[in-house]
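Taken verbatim from Swiss-Prot:
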type: MOD_RES; residues: Pro3; note: N-acetylproline
type: MOD_RES; residues: Lys14; note: N6,N6,N6-trimethyllysine
type: BINDING; residues: Asn123, Thr173, Lys177, Arg295, His327, Ser379; note: substrate binding site
type: ACT_SITE; residues: Lys175; note: active site, proton acceptor
type: MOD_RES; residues: Lys201; note: N6-carboxylysine
type: BINDING; residues: Lys201, Asp203, Glu204; note: Mg(2+) binding site
type: ACT_SITE; residues: His294; note: active site, proton acceptor
type: SITE; residues: Lys334; note: site 'Transition state stabilizer'
Amino acid sequence: MSPQTETKASVGFKAGVKDYKLTYYTPEYETKDTDILAAFRVTPQPGVPPEEAGAAVAAESSTGTWTTVWTDGLTSLDRYKGRCYHIEPVPGEEDQYICYVAYPLDLFEEGSVTNMFTSIVGNVFGFKALRALRLEDLRIPPTYSKTFQGPPHGIQVERDKLNKYGRPLLGCTIKPKLGLSAKNYGRACYECLRGGLDFTKDDENVNSQPFMRWRDRFVFCAEAIYKAQAETGEIKGHYLNATAGTCEEMMKRAIFARELGVPIVMHDYLTGGFTANTSLAMYCRDNGLLLHIHRAMHAVIDRQKNHGMHFRVLAKALRMSGGDHVHAGTVVGKLEGEREITLGFVDLLRDDFIEKDRSRGVFFTQDWVSMPGVIPVASGGIHVWHMPALTEIFGDDSVLQFGGGTLGHPWGNAPGAAANRVALEACVQARNEGRDLAREGNEIIKAACKWSPELAAACEVWKAIKFEFAPVDTVDKV
């Protein structure tokens, strides 16, 4: 290159491949309050040092690529690169490490969960130098979280809208999830709401199929809501699933729900996508609709302990993208969920400030500042005998959702709903009187059966039903 055409970028440039750790492993780095921090569970390929593996994660999820490029000289790499600043071995696991990476805030578009995930997990998980990679947790700084609207309304506003306080809310997923006509579906909703539930729900894959088009379902469910409200004097709702094949169609369904005057709609946020979810959440805030979120597809991403992304990360992302409810497992039901881990991400959904607590899987202190909280929904294989444990585990700010545990009642849907409501009221009263739900739960339910034949019948049907399998995802030994 002649002196006339030589540029600053070309001075000192040396083509070739160099170790990631020379640039991206910086154990001396002190994290900034504005950094997004990530904790990755890294399993390197044999022969790859943990420092190189951690640095590769930092590089490939920020500014790096596989070879040196001359355009590095056109920017400030130190300002924009991700940094692997700490590595610790995972106790009890061979060749597995927790690698901590700090990302400068300027790497991310404001108010975009889509962009955040595209950067942090979009490409690096296919990297050949790693046998497996899992994103365990993220620290979202207030500087970034304040660029998001968050939940459309939040816990307190929802309680005020419903005029319901001092207890968990009760819900039911209509079963069978597929195959009912719209009129029969609406009838099931009415019976459950009349029997004592606060909400009924579309299942995640109820969209607009040949046997039940969405508009018909919305109309019959709205009729069920208004009829049940008139009879009970309580505000009722049904999660009308607005998830659709396009964002435009999704919004059309949400607009129709608002025109019907119903209080809440629903979205499958992982299959529907974060861009669609954020748009729907903004519409819901502007138009007074609550937003229920289903996490369909989450276990594809989060169930394996050594690869993927933990649900606590998906939960934080949902709080940022927007939702008033989100499914969070049950601990005691048919779906995966270890108690301490579940309580960790439940706090991350509901609370304003959550301290680091590795015993519950929380890797970073998280400050949400003024962002509203999300109500966790316990759903999946639960019935009246689980009510004391659910009330004790999840507390008042939760939705306890019994699908088969309502519709499977031998006397029908309304008695099934009544059984659940009586069981809940008995547990809340016992707790308020100072009784130990964990120790005395069965006695509390049995005593309530004396005053409720519906509850007694439910207890008899499900007395031997248990789901006793060890969870796959457990807390690391610290």
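Glycine too: its Cβ is placed from the backbone N, Cα and C atoms.
Where Swiss-Prot records a feature, it is marked here on the structure.
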| residue | record | DSSP class |
| --- | --- | --- |
| Asn123 | substrate binding site | coil |
| Thr173 | substrate binding site | strand |
| Lys201 | N6-carboxylysine | strand |
| His294 | active site, proton acceptor | strand |
| His327 | substrate binding site | strand |
| Ser379 | substrate binding site | strand |
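Around His294 (active site, proton acceptor), the C-beta neighbours below 8 angstroms that are at least 6 residues distant in the chain are Glu204, Asn241, Met266, His267, Asp268, Tyr269, Val326, His327. Take the mean position of the Cβ atoms of Lys201, Asp203, Glu204, the recorded Mg(2+) site; other residues of that chain with a Cβ within 8 Å of it are Thr173, Ile174, Lys177, Asp202, Asn205, Val206, Tyr239, Asn241, Met266, His294.
The Cβ of Asn123 has fewer other Cβ atoms within 10 Å than any other of the binding-site residues Asn123, Thr173, Ser379. Taking a C-beta cut-off of under 8 angstroms and a sequence separation of 6 or more, Lys177 (substrate binding site) has the following same-chain neighbours: Asp203, Asn205, Val206. If you take the Cα of the residue listed as 'N6-carboxylysine' and the Cα of Thr173 (substrate binding site), they are about 5 angstrom apart, rounded to a whole number. Sorted by the number of other CB atoms within 10 A, the recorded positions Lys175, Lys201, Arg295, His327 start with Lys175, the lowest. A simple way to gauge crowding: the CB of Glu204 (Mg(2+) binding site) has 20 other CB atoms within 10 angstroms, across all the protein chains here. The shortest Cα-Cα distance from Lys175 (active site, proton acceptor) to any of the binding-site residues (Asn123, Arg295, Ser379) is found for Ser379. Summarising the environment of Asp203 (Mg(2+) binding site), the number of other Cβ atoms within 10 Å of its Cβ, over all protein chains shown, is 19.
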